[in-house]
Amino acid sequence: MGRRFKFLQKLAFLGQNHRYKALERDEVDTLIDEQYELKAIEREKAVAALPPREACKCSKEELARTFHVDLDSGLSEFAVAQRRLVHGWNEFVTDNTEPVWKKYLDQFRNPLILLLLGSSVVSVLTKEYEDAISIALAVLIVVTVGFIQEYRSEKSLEELTKLVPPECNCLRDGKLRHMLARDLVPGDVVSLSMGDRIPADIRLTEVTDLLVDESSFTGEVEPCSKTDSPLAGGGDLSTLSNVVFMGTLVQCGKGQGVVIGTGEQSQFGEVFKMMRAEETPKTPLQKSMDKLGKQLTVFSFGIIGLLMLVGWVQGKPLLSMFTIGVSLAVAAIPEGLPIVVMVTLVLGVLRMAKKRVIVKKLPIVETLGCCNVICSDKTGTLTANEMTATQLVTSDGFHAEVSGIGYSGEGTVCLLPSKEVIKEFSNVSVGKLVEAGCVANNAVVRKNAVMGQPTEGALVVLAMKMNLGSIKDSYIRKKEIPFSSEQKWMAVRCSLKNEDEEDVYFMKGAFEEVIHHCSTYNNGGIPLPLTPQQKSYCQQEEKKMGSLGLRVLALASGPELGRLTFLGLVGIIDPPRAGVKEAVQALSESDVSVKMVTGDALETALAIGRTIGLCDEKLKAMSGEEVEGMEQDALAARVRQVSVFFRTSPKHKVKIIKALQESGAIVAMTGDGVNDSVALKSADIGIAMGQTGTDVSKEAADMILVDDDFSAIMSAVEEGKGIFYNIKNFVRFQLSTSIAALSLITLSTVCNLPNPLNAMQILWVNIIMDGPPAQSLGVEPVDRDALKRPPRSVKDTILNRALILKILMSAAVILGGTLFIFWREIPENRTSTPRTTTMAFTCFVFFDLFNALSCRSQTKLIFEIGFFRNRMFLYSILGSLLGQLAVIYAPPLQKVFQTENLSALDLLLLTGLASSVFILSELLKLCEKFCSRAKADQMLPEAV
């Protein structure tokens, strides 16, 4: 109190012209507190994220000083609030932060949309308000449908995946709190336990038998042992044993550490930067639509120029001819094209969603239709990522096979070749081998999931299949010598419960290390001396199992290290996912090549490749080292012949994809790890796993397989091919109708004849009539034979030569038939009458409906695809027919459309004539089938 009183006195001093009053004690307290708070705020805001390579060198005390944190009590809420102002939330800022209005406006960047808007403006200027309103409405429908679908797709993705783990255990204000991981800031003290997903980059300060699965980050299958000791130098990220990274998983043990990086300041953030640096290529559909838009633009303006020139030569007013030219240009543009394309893509996405596949961008579905190479990661994609014991060899020569995959415990162990099922110790040698694997084990299997190392989980499940799953409880563990990459084995010293026997060691590990500690081998429960011949036999068995791609573990037991009894070998593998083999076969039959790109060894990769039918006797494999050493051009020349790439890194994967793309391939890449994300972004189609996939891989991908089912890709390819054919069907129908209408009006203008169709009739044909039938073609069910067709070339456009010929043929038939009726009905004085236009108008509409019927398939007859298969098409045709009859016979509509009643004979005549376009199209399909069959029969003897 005395010191504070003297301080107050010093504040009362004389200035030159003023006397300052002494402050009260509470005012001084407030002043001091404010100064202290300002300094505290500055100190907290100055705290920065620490790179892992620097953090790994710090001692615990240096780490605490750097982050201004008490390791025993954690940060205060005040410190957290200040640091969050600088570092933000522990999450990634994704592309989905783009404003909604901007996403909506982006839909207008399509060239067809811009052309339609231009036509609408010109229609307003020329007072063609009906056309302007119709076109504007069509544009709004297009952009709204596209916006809603992409918006819903993004929302579905947000629901499926979170960019950071949702919860964690954090020490704050001296209390351990269970909180959202997004709340973490640099300097937070986080507690980790078995099964936790690491919520941020963390420098460990305490560990107890901590093993972390970093396979999603580094590609290494085996969990990494962690320490809390400072390291001498910061090497590769995978060697930083005292740092754990966001998104990796605690397999066993527990630990505590300080957060050194959050959100985009974590190592995930570095991968995100690489991912965003990769430019996403345009899809083939986007390229085709762009080209079609340009072609239609050139065609439309050419017609305008031609008609204005003809009209000027004939002495007609230029403004009148310009109005006609613009109207014809609008008619020539298939205004339903963007709508049907969008609806077709949306329906494809919805069908795929039912098959548990989320598509982030609509055109990606179609891109799969021309995909001819699928590069797939092995672990977790082609395989189940569930290590499973499949073979046993005992030291005395018994062989057994194990059925059942995964961690459910379902399956049996059978002796070979007798197929005798073994339970417990019905075969002593097998029983002792399985017992050792279960006791020298730290994994726990619950509810079909493993807590701990997957390899150890496989041994526990093996014991469960022999009813020995609880045998570990019969022992009291007294000591453990943990596994290390240097010694390549682990051992436990145990004693039987309630029995006064000497302790026994159980050991498992690499064969060459375990056999080194053995002096005897087990022979039906009796230890015999381990002779060189016996060692050689066991070594041969180990090599034989290894050549099959199995991970081989040797097991032994005995009273002390160095005097152990060798028990035998267990072969473990990550088995293929259900349905993968069938999917690979179906894709291969449709000329889609599946390539495995993995970080595993050659033997393991080949074993899985053979199991799923990926490769044949002419298999070619290439290592990541070879990929790195080759020039890009040389790699592009060889990469198509290689089926398996092994020992690859993320950098190698990107190089492989780019080489495939340079060779002309459309590449789909599947993956689930952080190490796959850059490759997913580089590929034409990136496909991530929904369950085992990391958040970064999902963000990088274009599609997500919700159930991690590789066979769903087969359905996606089928959808992609079917969607493109549906779009071609619609384009054929729409353009043949538009060209026929355009030619009809152009010919009548050039020949100085009266117009066969008036303005309202043209509007009916182009906007109303072409809408429902055309859109129903877009929802035609996917052709069942679509998957069998080879992938479409990326150079192919929607309007290829064959389709153009069919369009021109249909347009010529429609034009010829309508002109025949018009010429038949026109009076001698060549003046237009209501009957003349009604007959020509109805004839054109009937042609339109029959043309739609023939356009349901480019190759199959109507009887093959099924008349009633597409109900929406039938409803649209029926609705259009009823609408046309209403226009002809309803008095109010007769006045609007300037029509008159037609007799039944007139309708029969028009129906018979209009059906010619359908009959001719079906005959053409028959001819094509006959020619294709004859060509195939001719090639068969040559092939033989």
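Placed from the backbone N, Cα and C atoms, the Cβ positions cover glycine too.
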Membrane side match, PRO827 / PHE930, Swiss-Prot record: no
Stretch carrying region 'Interaction with ORAI1' according to Swiss-Prot (options 69-93, 544-568, 694-718, 894-918): 69-93
Surrounding CB atoms that lie within 10 Å of the CB of SER266 (phosphoserine), all protein chains: 26
Folded-back contacts onto the topological domain 'Extracellular' (894-903), same chain, C-beta under 8 angstroms, at least six residues removed: 758, 760-761, 764, 834-835, 837-839, 841-842, 887-888, 910
Most Cβ neighbours inside 10 Å, all chains, among the binding-site residues ASP672, ASP676: ASP676
Other CB atoms within 10 A, centred on THR262 (phosphothreonine): 30
Non-local residues, at least 6 beyond the ends, that sit with Cβ under 8 Å of the topological domain 'Extracellular' (824-835): 753-756, 898-900
Between ASP676 (Mg(2+) binding site) and SER266 (phosphoserine), the C-alpha gap once rounded to whole angstrom: 17
Remote residues contacting the topological domain 'Cytoplasmic' (770-802) - C-beta distance under 8 A, at least 6 residues beyond either end: 284, 287-289, 291-292, 295, 334-336, 339-341, 343-344, 347, 351, 369-372, 586, 589-592, 664, 666, 714, 717-719, 721-731, 733-735, 737-738, 848-849, 852, 855-857, 860, 865, 869-870, 872-873, 875-877, 879-880
Assigned conformation of ASP676 (Mg(2+) binding site) - DSSP reduced to three states: helix
Contact set, same chain, for the topological domain 'Cytoplasmic' (854-872): CB under 8 Å, 6 or more residues outside the stretch: 725, 728-730, 732-733, 736, 776-777, 779-781, 783, 803, 806, 810, 917-918, 921-922, 925-926, 928-929
Rounded to the nearest Å - Cα separation of SER266 (phosphoserine) and ASP672 (Mg(2+) binding site): 19
PLDDT averaged over every residue in the topological domain 'Extracellular' (251-291): 72
